[in-house]
Amino acid sequence: MATTQTAGVEVHRPGVTPSKDNYLNHSKGLMSWLFTLDHKRIGVMYTIAVLAAFTLGGFFALAVRTELAAPNTGDGAWQMLPSGAVYNQMFSLHGAIMVFLFIIPSIPAALGNFVLPIMLGVKDVAFPRLNLFSFHLWILGAAFFLLALATGGLDTGWTFYTPYSLEGHSTSAVIAATTGAFVLGFSSIFTGLNFIVTLHKMRPTGMTWFRMPLFLWGLYATAVIQVLATPVLGITLLLLIVERAFKIGIFDPSLGGDPVLFQHFFWFYSHPAVYIMVLPGMAIVSELIGTFSRKHIFGYRFIAMSSVAIAIFGFFVWGHHMFTSGQSALASTVFSGLTFSVAIPSAIKVFNWVTTMWKGDIHLKTPMVYALGFILLFMIGGVTGLFLGTLSTDIHLHDTYFIVAHFHYVMVGGTLWAFLGGLHYWWPKISGKMYSEKVGVTASLIALLGFNLTFFPQFMLGSQGMPRRYFDYLPEFQAYHVWSTIGAYVLLIGLVMVAYNLVMSMIKGKQAPDNPWGSNTLEWKCSSPPPHHNFEHQPTVGDPYDIEGYVYEPSIDGYVRPDEAAVETAGRS
Amino acid sequence: MNGLLSLALQGAGQSFWFPEQASTVAGRIDAVFYFILWVSIISFVGVVGVTLWFAWKYRARPGHSAVKTSSHDNTLEVTWTIIPTILVAGMFWVGFKGFLDLRNAPEGSYQVNVTAQKWSWEFQYPNGHLSPELHSWVGQPTRLLMTSTDVLHSLYIPSFRVKQDVVPGRYTSLWWEATKPGVYNLFCTEYCGDQHSAMITKCVVHESKEAFDAWMEKDADIIGNSPSLVAAGETLYNRKGCTQCHLTTAETLKGPGFLVLSKAWADGKALPLDGGGSVMPDENYVRESILVPGAKIRDGFKGVNMPAYQGRIKDDELGAISLYIQSLATDGN
């Protein structure tokens, strides 16, 4: 099937399909993108959209970190932002934008949309129109956030805790942001629903549940959480809007409501949401580790089932956000016990990944460097969670910078690292171009250094007693803050290099082969970029991790499978 | 910027991870922390060390290729399921025991009532005395009964390792027993708006009950501590609960603004009373209104029912408040 023109003679080059017609040039014009039903284009648009949100959220993070470089009074005082009110808006917008507009949709909606149907060997998701509608809802939700930004005054933090969020300074900003989160919730529910139906109904012949790639297991577990947990967030935010607009007492004690009830509702969604963030990340790492170690993944069933276990356990641990809230001591005790149950399946995954590398042939390509970075960061994020699940130590550490450091290790070190690993892994498939490995690996390592410099000192800051969400602080905390702020700028340099590398690949990158990494999942069996309908003919389904038959072919800088190529050539003549 | 490289540790007894241990529970909580820390360090070094070692040892290079090995092993899976389960069960148990210590205040604790509001703390002692800083003494279990007048706050004393959210519309509590005298930071750790980071005060631990009593006697003598009677009046206005209902401007909160009274007093004008009649503002009217608020109710304030201060305020304090109110009109207001 692969041909190139050389001196007028058609020469077959297995492994490269320079298809003239692909999903990128299949139709032209802005409208052909904005109203496309093609899951690949929707995935690309999501990728661009969530990266734009990430950039905006990152800007607010830098504002926060720069402000915190020094206390506002005393020797060497430094105050960049005009007031505590502005600072509070900066961290609120940072959190809300990063969580609702970037992390939650990043892997499932952006990479998942692009990859899931191709990995299944099918043309599209079960409901392409619903898929497009999900994206349009994302845009609408983002518009509400921009409205909140424009009207100013969103200073509730991303958690919208009552009664503060009921009496804050700007009704319009709080209602705009909660409406935005409500709309984004539906976007998330529809994507999850679409994936569940697609995975149940459209798996090709031969792909049993336990022959499904682990990325799809991760997306499946995530989709279940999205569909079951997100409605609770919707209800909660709706109640908040109703209470704020019509003064009906639900959460506000001055109207007879209960502010702690809001926290239960909020974390009933937002704790499972942590697994919406990290399960797809773990799923990407499960693809990367085996491929770049040239080994079959170790413990496939345990990795797959641990995703399901995390999704289920994740529903029963929300109260661990509330050990100091005033909930009963009995409830706190039960939630502490249940919280530790989530540690087990997470640990199982890590052990299986490491064992996969044993006696492998480890290629430290950019995606693998991200996967190893993920293991390092997730280990730190995971073990620091133990201090917080444990009741007596959590009382001291709760609402300090220890928490801030912990959840950044999990959510950024987990999700962002896996997202970037996945983006670099599938980039040749998405764009049809190869990026510079040298720049890719360097950028990843600089970002890793910057990240650790930013967030590791925050553990000590927290255990020493510095509360979170502080505009100003006591001078004894400054040393850690300085390191943290320097780290934020190092991280910025790394991320700018990532963006530069990917943009440059589109301008002058080499044509990507069909299978640059030698993976056996189905998305590598179509051309790079894929044609409009993904496959010219139905690919054969086998063990997704049977990669030993692949041989590196230097002329195309990619992998071919001699046994398969022979079959194909025979079929052709 | 000092201490940038040395991460200088300030204050006596401070360690790399913690501020000094100043309560009976602090040592036990820190021990749990160090137990988890060592489990974490060993796990981290083990997992990341092996990962990096594999990445080096099995790195792709000419002449090297992957060796096919088994892709599953139930014994291994069971092993690395059971070991972490035992470890986290241990963590749960020690954390639970420490939590019980934190939650159950001993019999005979000294109780201080706490009111949190944006953005200050108010501590009230059994004798009714109010102070913006928290005082207690070494060896005395002290229990705080807390509520908030507006949004959520959280009271946190790092050196004692105690923290509890303060919730409007209900009471929450915490307790500790201090082990060494000193002045400790007390933070608000639940985000509460613009001045959240300024909602910091001190917890002063006196070395004995006698020292605490001496402080109490001195602190309660507001007039003796003030540079003038007017200043004493202002402090009393702030500490005796007047601020809840009376502003020092002409605006009405629950009760009338003091500036209205002060101006009428200066100008020699009468103020209309509820149910007809009027009253000439003077020291006697102020005194009566504080001690027996129902005696003369100003027009428009019927049903407000200000609590009577009869028996809760001293004569010289009444004089100071009266002078302070009188001074409002002449202080450029």
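Residue numbering: from 1, along the chain as shown.
Each Cβ is built from the backbone N, Cα and C atoms, and glycine gets one as well.
Feature annotations, reproduced from TrEMBL:
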type: DOMAIN; residues: A:33-542; note: domain 'Cytochrome oxidase subunit I profile'
type: TRANSMEM; residues: A:44-64; note: transmembrane segment
type: TRANSMEM; residues: A:96-120; note: transmembrane segment
type: TRANSMEM; residues: A:132-154; note: transmembrane segment
type: TRANSMEM; residues: A:174-197; note: transmembrane segment
type: TRANSMEM; residues: A:217-241; note: transmembrane segment
type: TRANSMEM; residues: A:261-285; note: transmembrane segment
type: TRANSMEM; residues: A:297-318; note: transmembrane segment
type: TRANSMEM; residues: A:330-348; note: transmembrane segment
type: TRANSMEM; residues: A:369-389; note: transmembrane segment
type: TRANSMEM; residues: A:401-427; note: transmembrane segment
type: TRANSMEM; residues: A:439-460; note: transmembrane segment
type: TRANSMEM; residues: A:480-503; note: transmembrane segment
Would you mind listing the long-range same-chain contacts of the transmembrane segment (A:96-120), meaning Cβ under 8 Å and 6+ residues beyond its ends?
39-40, 42-44, 46-47, 49-50, 53-54, 56-57, 60-61, 131, 134-135, 138, 141-142, 145, 154, 158, 177, 180-181, 184, 187-188, 191-192, 195, 198-199, 202-204, 207, 213, 215-216, 219, 222-223, 226, 273, 276-277, 280-281, 283-284, 411, 415-416, 418-419, 422-423, 426, 429-430, 521-523, 526, 530, 534-535
Tell me if the transmembrane segment (A:44-64) touches the transmembrane segment (A:480-503). I count contact as 3 or more CB pairs below 8 A, with pairs 6 or more residues apart.
yes
Any contact between the transmembrane segment (A:217-241) and the transmembrane segment (A:261-285), i.e. 3 or more CB pairs below 8 Å with pairs at least 6 residues apart?
yes
Between the transmembrane segment (A:439-460) and the transmembrane segment (A:369-389), do 3 or more CB pairs sit under 8 angstroms, pairs being 6 or more residues apart?
yes
Return the average pLDDT for the domain 'Cytochrome oxidase subunit I profile' (A:33-542) as a whole number.
94
